[in-house]
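Trainee: So Swiss-Prot has the following annotated:
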type     : residues : note
COMPBIAS : 177-187  : compositional bias 'Polar residues'
DOMAIN   : 38-120   : domain 'SCAN box'
REGION   : 1-34     : region 'Disordered'
REGION   : 136-155  : region 'Disordered'
REGION   : 177-203  : region 'Disordered'
REGION   : 215-273  : region 'Disordered'
REGION   : 344-379  : region 'Disordered'
ZN_FING  : 292-314  : zinc finger
ZN_FING  : 320-342  : zinc finger
ZN_FING  : 380-402  : zinc finger
Amino acid sequence: MLPRPKAPASPRRPQTPTPSEQDADPGPASPRDTEAQRLRFRQFQYHVASGPHLALGQLWTLCRQWLRPEARSKEQMLELLVLEQFLGALPSKMRTWVQSQGPRSCREAASLVEDLTQMCQQEVLVSLDSVEPQDWSFGEEEDGKSPRSQKEPSQASELILDAVAAAPALPEESEWLETTQLQQSLHTRAEAEAPRAPGLLGSRARLPLKPSIWDEPEDLLAGPSSDLRAEGTVISSPKGPSAQRISPRRRNRNTDQSGRHQPSLKHTKGGTQEAVAGISVVPRGPRGGRPFQCADCGMVFTWVTHFIEHQKTHREEGPFPCPECGKVFLHNSVLTEHGKIHLLEPPRKKAPRSKGPRESVPPRDGAQGPVAPRSPKRPFQCSVCGKAFPWMVHLIDHQKLHTAHGHM
């Protein structure tokens with residue numbers, strides 16, 4: 001009988017590696033890789049996965065990549081967890097510095113924290129030696145010990161942390177001090193140049209710029225350019241119809257400390273003017289008053305634009321006779337004001353009419369009486385009877401008589 005052939009020996013281990021063998025890393029992991037794997041595990045978010053089971057699978061994989069149970073013992077994995085908790089309990093700035101050194105164990109992390117504390121303490125002691133004693137002593141002590149020697153360990157650690165936290169803020173404080181000094185110097189320079197402001201305003205007033213309608217009257221006034229008169233004097237021209245008086249209250253406001261009145265600006269023909277041509281400004285009163293007054297006719301204006309338009313009428317000089325009364329005026333604006341007197345003159349009183357059947361009837365054609373000739377003083381003439389009247393209202397009342405009797 002032939003011997004039975006032996007079956008081929010099956011492999012002791014499968015050809016495909018297990019998941020644990022896939023994740024295993026024969027070489028030791030560097031601190032940077034361990035920290036990166038820890039962050040991926042701690043910062044995992046649920047919405048990245050498509051479901052709860054997939055999220056648990058990813059967390060399981062990330063945790064194995066971080067702790068590596070196939071390459072580390074239980075004590076090593078516990079040390080990683082304790083190291084993470086220890087670093088999380090440190091202050092933020094100290095934790096950042098210790099993590100940058102890459103400690104592999106809790107003892108290394110504790111040594112780094114101790115070294116950092118000693119370095120900061122030495123820096124604080126050096127800074128305390130440079131400070132004057134009176135800044136730290138609040139009184140004379142009998143034992144003669146310095147305040148630094150009486151500090152407890154907890155207070156020293158607080159000083160160390162304060163020094164570490166205040167270190168990056170020093171450049172910002174120095175920049176702030178430089179900015180403050182610059183602002184103070186600019187403010188001092190502005191105060192020194194303040195007396196030159198009136199001169200600048202005066203030179204600006206000579207420019208032929210049209211002022212804005214939004215400017216307030218008080219903003220357009222120049223301090224020394226106001227026309228100040230004595231108490232009870234009239235601010236108007238000899239021929240002007242309007243006049244205003246300055247009250248003693250306003251007069252006292254415009255006197256200087258020595259009690260003298262400031263000189264007024266006068267309008268000169270063809271010459272250089274210190275302010276607007278022909279301006280005589282009333283002393284500044286309460287808000288909403290009329291500060292602009294014409295020196296030629298005495299008219300007062302609230303806005304400078306109206307005042308400038310009024311000044312144009314004074315440039316046309318010459319004899320202007322009144323067509324009504326024959327008076328002659330030097331300026332056209334004065335003639336315009338004078339003409340209002342004739343236009344607003346009240347009409348003459350009419351004789352009372354007799355109410356009754358025997359009302360006066362105008363004469364018929366061929367029996368008219370003498371008709372008053374038309375003259376410049378009687379420009380309004382009736383087209384029915386030929387009578388002339390000096391006022392339009394008289395002619396209208398006269399024409400009502402013809403209308404009542406059917407002659408029109």
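Cβ atoms are placed via backbone N, Cα and C, with glycine included.
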Trainee: Assess whether the zinc finger (320-342) lies in contact with the zinc finger (380-402), where contact requires at least three Cβ pairs under 8 Å among residues 6 or more apart in sequence.
Mentor: no
Trainee: Per DSSP, what is the residue tally for the domain 'SCAN box' (38-120) in helix, strand and coil?
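Mentor: Helix, strand and coil residues of the domain 'SCAN box' (38-120) number 65 helix, 0 strand, 18 coil.
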Trainee: Mean pLDDT, the zinc finger (320-342)?
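Mentor: The predicted confidence over the zinc finger (320-342), as a mean pLDDT, is 80.
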Trainee: Sort the residues of the zinc finger (292-314) into helix, strand and coil with DSSP and give the three counts.
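Mentor: For the zinc finger (292-314), the helix, strand and coil counts are 11 helix, 5 strand, 7 coil.
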